[in-house]
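**Student:** A single structure is presented below for examination.
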């Protein structure tokens, strides 16, 4: 006799019923008796067994299997009745009642399918097929190794079941390797034994201006990226900052605005805080220097220096404005630079050549407030005897700069100070708004910002926690990382460390110094005083998300030389890098997994993807290089490497040709590609989060996963059975027409 057998291809049957039917057909082919070897008819869409020479037709899968195996025993047994009455009825449900399925399939295995060993009867195989179609994961867990013929039949049956998302049940399950995630944040962050404790500071922004983009990337954003990296690595890190509020500039600005210095500081502290919140700067504490703790700690350090012989009195010539009857802070004197002859140099520094100046060095000095010619006057002041501390400072700098891998410009600037020889520097001023000098003779003077401001790091920490000394008097267990623009370097490598050394107390001192050069605006310069460039409030008004601003600023971070903000480059990077690379990779795969797998990660064998070992090698190299660069504070390079992982993910999808054809015709490979691909997205999210925390959160939300810790090795942390959420767009295309509009609108006017 000549028989043809065909698989169930009915589109009306639920996928689980179709799988059960086709598994029985496949089992029939594997277990066919010697007298009956049917041939497969792939052109027939109906499930049947028919004789091509005689009028004979069977169209029930159970009957076909019994006939082909020539085994009609057991049809009245409890086992067979359970297979039909209890299990087969479930197969006709479009939506399986999962709780009911779990109970009945477990009962089937415990009572009727205790072992799956040859010889197997037709009744055994019918029961197996029904259980497998309803709960394949249970079968695989109970029987890790299926009998050879059964294994072959399962593989064949799957090929004849059109895959659709209805066979994957998304119940929001989270199946993540827990030891690979980021630890939750402590309510109060304090150093811990046997952990890497890192104290991170950003240069304290001066309070009386809106920060521009150069200020933001030069200190707070750079520090934030590193702090988020540390926390992503599960280091024990504390990130503090605050506004620097004392000094002549505040007094004078308050006079201009007709308010008290305190009112001015309150106003601008909120402006700074709001700008940084919008930029998603994740301070653990953002404070200010106008506090009782600042007075207490600064006066303590002053007193210790005095008692140890590192302070001295000198009479100092200062510039005095005869029009508004006040001593002028260095930055409120302007004139011609004696070095480069720039006409608008300030009394403390030339914006053009960067030289540090004394106001008396300026050619034709003038009062910034009223253009009057200032007069020299003498006043007694306290000086920090840096000359007496020079050998200690030099020895410390040599050791700390090497151990802490200071950036090149940090070393160069510090060495230029040391090379010229340190001289006593004035640390008091004739002002009202400041930390009072704790000496009777000088009770009407205050501590100068050069000395006072850096102590703000300590006082701000003390306002965060009463246990602040665990951070600041704990050099054996705490590493201090500081971020700033290059103009702040001497205060952090000479003045502040000198003050710490002079107290002869056990201070936590600078370990790693990370400095930036200047970020220029288009073809000009940012300037706080002149309002040239894009400021924080302008960025908020642009309608572009803070993630894009953070990304762009990090990508042009002036690490070794000055760099430029360009509107053309800003738009191009959004469209070609964020949208076309990162956004495309994440969106394409997550949409595919939702469309084809109903958001469920299938059982997978990673070896089924093309050159899996080569892929892992590539990813491990990317991750290890990322960690290496970030540990050194090379954030610009770290971002390039992070984006290269996204590009490698796109390449991975192309290499494996992930599409509908792969899903339907090569299910095992498709399953592996989506599972491995989702884990690449998870890794991308971990290393992109320091730069764009909101994007990292969005990706993790789509993945329905907690934050993955940053590692230098690739892990398959998302496991089989994990359920993801729907895709959402991460980025939007920016119309190139906006370039000229923004260039005109944000051409340097500060609100």
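Glycine too: its Cβ is placed from the backbone N, Cα and C atoms.
Worth saying up front: this structure is predicted, and the values here are computed from it rather than measured.
Okay, these came from Swiss-Prot:
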BINDING   411  ATP binding site
MOD_RES   2  N-acetylserine
REGION    36-92  region 'Interaction with ARC1'
MOTIF     205-215  motif ''HIGH' region'
MOTIF     525-529  motif ''KMSKS' region'
**Student:** Any idea which of the recorded positions 2, 411 has the thinnest Cβ neighbourhood at 10 Å?
**Tutor:** 2
**Student:** Just the number: how many Å between the Cα atoms of residue 411 (ATP binding site) and residue 2 (N-acetylserine)?
**Tutor:** 89
**Student:** Using DSSP, tally how many residues of the region 'Interaction with ARC1' (36-92) sit in helix, strand and coil.
**Tutor:** 23 helix, 8 strand, 26 coil
**Student:** Helix, strand, coil: count each for the residues of the motif ''HIGH' region' (205-215), based on DSSP.
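**Tutor:** Breakdown, helix to coil: 3 helix, 2 strand, 6 coil.
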**Student:** If you average per-residue pLDDT over the motif ''KMSKS' region' (525-529), what number do you get?
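**Tutor:** Per the prediction, mean pLDDT sits at 62 for the motif ''KMSKS' region' (525-529).
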**Student:** Does DSSP put residue 2 (N-acetylserine) in a helix, in a strand, or in coil?
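**Tutor:** Once the DSSP labels are grouped into three classes, residue 2 (N-acetylserine) ends up as coil.
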